[in-house]
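Visitor: In case it's useful when we look at the structure, here is the feature table from Swiss-Prot:
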DOMAIN    4-224  domain 'Glutamine amidotransferase type-1'
ACT_SITE  87  active site, nucleophile
ACT_SITE  195  active site
ACT_SITE  197  active site
């Protein structure tokens, strides 16, 4: 038995192929989910990948949030299905109300494309259980609107509830409190700006650190 991981594609998505490859590399069966799909085809987990869904018109993730497939993703997440949003996918999850806060223009207003070091701040999620506490990960970051912001009250709640999942070592985009990724209250929904699906082989690298997220999802699905 293995997990069936759905990978969503919107018009303008760029990283669905990479996310699918990462899921296959850990032994999952990949199911392609189109933005117009009205069901999730029996998947056990969902990845909402990066790119520029619908051209990022209005604002990043604002239109994708209303795609039919997202109604199903939200409903499945409410039932406890593991969901991972990467970069634009993180923006979509925030727009959909699955995660609090928002992603805004980077400090300096420049698109950032570089490898960054992250610290795993929580291993109590469906997507980080395979990591050691405070593990360091080297993964690519590529975004123009990657600065995480939220009201102070929300930030305090995230900190107090252990829902900050990843932090930047070198905060290149100005995210409040160095936050690179957060999770839902039950730890089943995770969003992060850097790209673990681009860090699955040391040869094409920068590392294979990103595989830990996908192995963690397998554990979450297979062990419940």
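Quick reminder: no glycine exception, Cβ is built from N, Cα and C everywhere.
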Visitor: Which three-state DSSP class does residue 197 (active site) fall into?
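Guide: Residue 197 (active site) sits in a helix per DSSP.
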Visitor: Do you know offhand how many angstrom separate residue 87 (active site, nucleophile) and residue 197 (active site) by C-alpha?
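Guide: Residue 87 (active site, nucleophile) and residue 197 (active site) have their Cα atoms 11 Å apart.
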Visitor: Which number gives the other C-beta atoms within 10 angstroms of the C-beta of residue 195 (active site), all protein chains shown included?
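Guide: I count 23 other Cβ atoms within 10 Å of it.
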Visitor: Give me the count of other Cβ atoms within 10 A of the Cβ belonging to residue 197 (active site).
Guide: 29
Visitor: Starting from the Cβ of the residue listed as 'active site, nucleophile', draw a 10 Å sphere and report how many other Cβ atoms land inside it.
Guide: 30
